[in-house]
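Listed in Swiss-Prot:
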ACT_SITE  H88  active site, proton donor
BINDING   F22, A56, M57, E58, A80, V81, V82, F113  5-amino-6-(D-ribitylamino)uracil binding site
BINDING   E85, T86, R127  (2S)-2-hydroxy-3-oxobutyl phosphate binding site
Amino acid sequence: MTEILGLPITRPVKVGIVVADFNDLVTTRLLAGAQQALRQAGIPEENILVVQVPGAMELPRVTRRLSETGVIDGVIALGAVVQGETDHYTYVCQQSAAGLAQASLTGPIPVMFGVLMTANMDQALNRAGGKGGNKGRECAQALLQVLSVEQQLSELR
């Protein structure tokens, strides 16, 4: 029986991180968590490309464009959408999630979804290094696991 596990990646990889500036109190912490996880996994700084965009609505397009450059192996999209008093929150959440899912499913490389969608700022901060962990860090770890699985799948040929 052949079993494919998310083992540590055995080849050098380059990672792109697309991070939204909006709610930067949260997104800077998500970014720091992702960068720390990548460094701890042995990814050198020069193999990490950070691209900043205005907000969550810009994440899908820039993530897709970055994935098509051929210079990176995977992308982490980071953002934070905090519910306000209008329906804007709902539309931003739906569209950014759908766009990133499309980029992941139809693009040439894996895309990790690291957009927090919370009812309030406390919930967002808790998931950006607080008691809820750091979702940026978790996305980086997940990306490395997916890259490992994809590497193993390509070796089945």
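Cβ from N, Cα, C; glycine included.
When the neighbouring Cβ atoms lying within 10 Å are counted for each of the binding-site residues (M57, A80, V82), the highest count belongs to A80.
When the recorded positions H88, R127 are compared by the number of other C-beta atoms lying within 10 angstroms of their own C-beta, H88 comes out lowest.
Within the same chain, residues at least six positions away from E58 (5-amino-6-(D-ribitylamino)uracil binding site) with a Cβ under 8 Å of its Cβ are A20.
Within 10 Å of the C-beta of T86 ((2S)-2-hydroxy-3-oxobutyl phosphate binding site) there are 8 other C-beta atoms, taking all protein chains into account. The Cβ of V81 (5-amino-6-(D-ribitylamino)uracil binding site) lies under 8 Å from the Cβ of N23, A56, Y89, V92, C93, S96, V115, L116, M117, T118, each of which sits 6+ residues away along the same chain. The Cα of R127 ((2S)-2-hydroxy-3-oxobutyl phosphate binding site) lies closest to that of A80, out of the binding-site residues A80, V82, F113. The DSSP secondary structure for E58 (5-amino-6-(D-ribitylamino)uracil binding site) is helix. Nearest Cα neighbour of F113 (5-amino-6-(D-ribitylamino)uracil binding site) among the listed recorded positions (E85, T86, H88): H88. Look at E85 ((2S)-2-hydroxy-3-oxobutyl phosphate binding site): DSSP puts it in coil. The Cβ of E85 ((2S)-2-hydroxy-3-oxobutyl phosphate binding site) lies under 8 Å from the Cβ of no residue that sits 6+ residues away along the same chain. For F113 (5-amino-6-(D-ribitylamino)uracil binding site), the number of other Cβ atoms no farther than 10 Å from its own Cβ, over all displayed protein chains, is 19. Sequence-distant contacts of F22 (5-amino-6-(D-ribitylamino)uracil binding site), defined as residues of its own chain at least six apart whose C-beta falls under 8 angstroms from its C-beta, comprise P54, G55, A56, G79, A80.
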